[in-house]
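Below: the structure, in structure tokens.
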């Protein structure tokens with residue numbers, strides 16, 4: 001595991017408060033597994049000490065470039081959004097256990113379901129799956145039209161249905177309101193988002209195989225501080241650490 | 001000559017830097033990042049008699065130059081720690097300080113008996129200052145009579161030196177330190193976290209599921225320095241100083257205040273390499289201030305500035 005000093009290629013707002021940060025450097029060649037995250041330091045001289053766990057949205061191995069999408073909503077992420085091209089960003093990673101190739105190869109069809117800032121890792125995952133000849137479709141949930149992003153890129157990979165809570169784009173409602181027809185050919189399920197959404201997805205997709213990626217406030221990001229635990233009935237310890245055992249878990253493995 | 005060498009009861013260390021309890025897991029998590037044998041020693045996460053799951057999440061909240069945590073002493077229990085966790089540290093040949101917690105005197109005594117008997121454990125750190133569980137020892141840490149009584153019993157049960165980890169959440173830290181010294185402690189660890197709270201301004205509700213948590217990080221360093229300064233001028237026990245240390249300069253400051261060794265906590269989360277980086281930088285700083293041996297720093301400020309603090 002490693003700490004890298006990556007260079008900002010670009011850092012721009014692509015939707016309401018959603019920023020696309022492209023970083024480059026030799027460390028990027030390690031970032032081959034979707035679902036892993038980088039633990040990002042928002043600045044050098046800042047009272048915001050803790051790193052921000054940001055999931056990998058896309059990687060261009062040839063250009064050694066990684067893309068992270070994040071919502072600038074607190075002081076720390078707002079500081080990050082002010083980084084200019086050419087500046088350095090201190091990152092640890094890639095961290096965590098992502099969607100490994102074993103995890104990806106569950107079947108011929110996959111349904112990828114994401115909510116809000118949980119959507120980005122599904123792009124890298126969808127690309128990897130398409131490369132392997134798996135037919136992917138997406139359900140992406142947002143608060144409102146202004147919060148939505150990357151829709152055309154997802155559409156290039158597969159059928160993409162969008163839901164918004166205020167009905168300003170796509171289907172009015174939650175991701176589970178749009179999943180129905182896409183479940184008919186019994187796809188494998190891959191979902192990233194807040195625990196309440198993951199729980200609803202798990203119930204909606206009952207009987208199907210799949211993997212969930214969890215979000216939680218983290219401390220160290222490497223399994224030492226026990227901040228981001230989640231209960232489970234499937235391990236003797238009774239818990240998993242989201243940062244180092246996850247963030248990706250088999251559906252049903254953790255208690256949401 | 002090793003100019004960073006320090007000797008404390010049970011802890012013969014090649015440098016004064018020890019990761020603090022709770023901030024370093026059981027060591028193996030950081031062993032993936034660097035060779036732990038460079039450290040002066042290591043403090044492992046608190047052990048209780050039975051395994052504990054700890055508090056609900058969220059368990060951490062960021063604050064200005066610090067963080068609040070309310071993990072709640074999550075650990076697999078003393079037996080598993082001795083069988084599965086401690087042996088993983090053997091290859092590094094560094095002193096191990098085993099932090100112990102409990103909710104009754106009997107539990108502390110039993111955990112101490114067991115863990116101090118482990119051949120790899122060099123000393124015991126008696127945690128009477130965890131602010132995050134209802135019965136996690138803080139009741140012993142805020143009343144000097146209970147603290148002394150527990151220290152005496154734990155000391156009798158331990159086959160290794162005992163360091164008492166003091167809480168800053170008390171009216172008079174010197175009184176507490178004197179009480180545990182009198183009760184036979186071999187050393188002090190100070191300070192644990194300060195109790196704090198953070199609300200979500202939009203909802204008015206606490207961020208932490210436990211509502212309150214322990215404040216750590218650079219924000220608390222001045223409090224630690226003041227308390228170490230005060231205690232070291234009244235108590236003759238060696239002190240493992242801790243509280244917001246994040247660079248080599250902080251280590252020198254804390255030793256000057258009276259610490260004989262220094263534990264690094266929250267800074268490990270910011271930079272996993274912080275301990276080896278500090279160790280590497282110390283000799284150059286000693287050169288800058290004309291000090292040969294790092295242990296000469298301990299209590300430098302009390303020697304120079306004998307006037308007691310006016311607040312006591």
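Note that Cβ sites are derived from N, Cα and C of the backbone, with glycine treated the same way.
Under the DSSP three-state reduction, residue B:130 (active site, nucleophile) is assigned to strand. Among the features that TrEMBL reports, active site, nucleophile is placed at B:130.
As annotated by TrEMBL, FMN binding site applies to B:21, B:45, B:46, B:99, B:127, B:165, B:191, B:217, B:243, B:244, B:265, B:266. Neighbour list (residue B:21 (FMN binding site), Cβ cut-off 8 Å, at least 6 residues apart, same chain): B:43, B:44, B:45, B:46, B:97, B:99, B:125, B:127, B:165, B:263. Residue B:21 (FMN binding site) falls outside any helix or strand according to DSSP and counts as coil.
Look at TrEMBL and you will find B:45, B:69, B:70, B:71, B:72, B:73, B:127, B:192, B:193 tagged as substrate binding site.
The domain 'Dihydroorotate dehydrogenase catalytic' feature in TrEMBL is assigned to B:4-286.
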Residue among the binding-site residues B:72, B:243, B:265 whose Cβ has the most other Cβ atoms within 10 Å: B:243
Which recorded positions sit within 10 Å of residue B:72 (substrate binding site) - Cα, from B:130, B:191, B:243, B:265: B:130
Fewest other C-beta atoms within 10 angstroms, as judged across B:70, B:130, B:191, which are the recorded positions: B:130
Residue B:193 (substrate binding site), number of other Cβ atoms within 10 Å: 28
Minimum Cα separation from residue B:130 (active site, nucleophile), reported as the residue among binding-site residues B:191, B:193, B:265 that achieves it: B:193
Alpha-carbon distance [residue B:243 (FMN binding site); residue B:193 (substrate binding site)] in Å: 7
Alpha-carbon distance [residue B:70 (substrate binding site); residue B:191 (FMN binding site)] in Å: 16
